[in-house]
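Written out below as structure tokens is the structure these notes cover.
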Amino acid sequence: MATPNRLWMALLLLGVLGVLQTPAPAQAALQPNFEEDKFLGRWFTSGLASNSSWFLEKKKVLSMCKSVVAPAADGGLNLTSTFLRKDQCETRTLLLRPAGPPGCYSYTSPHWSSTHEVSVAETDYETYALLYTEGVRGPGQDFRMATLYSRSQNPRAEVKEHFTTFAKSLGFTEEGIVFLPKTDKCMEEHP
């Protein structure tokens, strides 16, 4: 019969090995040969997926927003998003700083003062772009989000299906995926 110390040690080793064998969350690939100049211009945020408790609570009241990507003076990108909030159009600009290979950026969250990494995982530049964002919002509050950008307010069904597959490949569940409804406000078609 094994001694209590040996049983404890065996359980500890099994636990450590089990943790080491637990797969890490999937990482999004990066768009090969990303061409930043083709990524510039107007996009509509058409779909989101997240593990954030805030997102899961608020996803039913979110609506599509318009974003404009423009070059920044320091070589990064300005991402200016206009969205409906409390029946008013609100505009916010984030500075996306280059953070590695082309298509990989970082920004400081205005709400949490934490750094988030965002990467353009896939795009055809003319129809859609799939983005992946991750960061930490506080102790034990990892933040991950997949975003579907589309050049029009009506992304094709195949694009939506492709986004769903992308989001699920990153570990997001059906409950954490939402396609944002269009709104008549704040969505002018011109840039």
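Any Cβ shown, glycine's included, is placed from N, Cα and C.
Disulfide connectivity taken from Swiss-Prot links C186 to one of C89, C104, namely C89.
Among the recorded positions C65, C186, the residue whose Cβ has the fewest other Cβ atoms within 10 Å is C186. Remark: of the glycosylation sites N51, N78, the most isolated position is N78 (fewest other Cβ atoms within 10 Å of its Cβ). C89 (disulfide bond) sits 19 Å from N78 (N-linked glycosylation site), taking the C-alpha atoms as the reference points.
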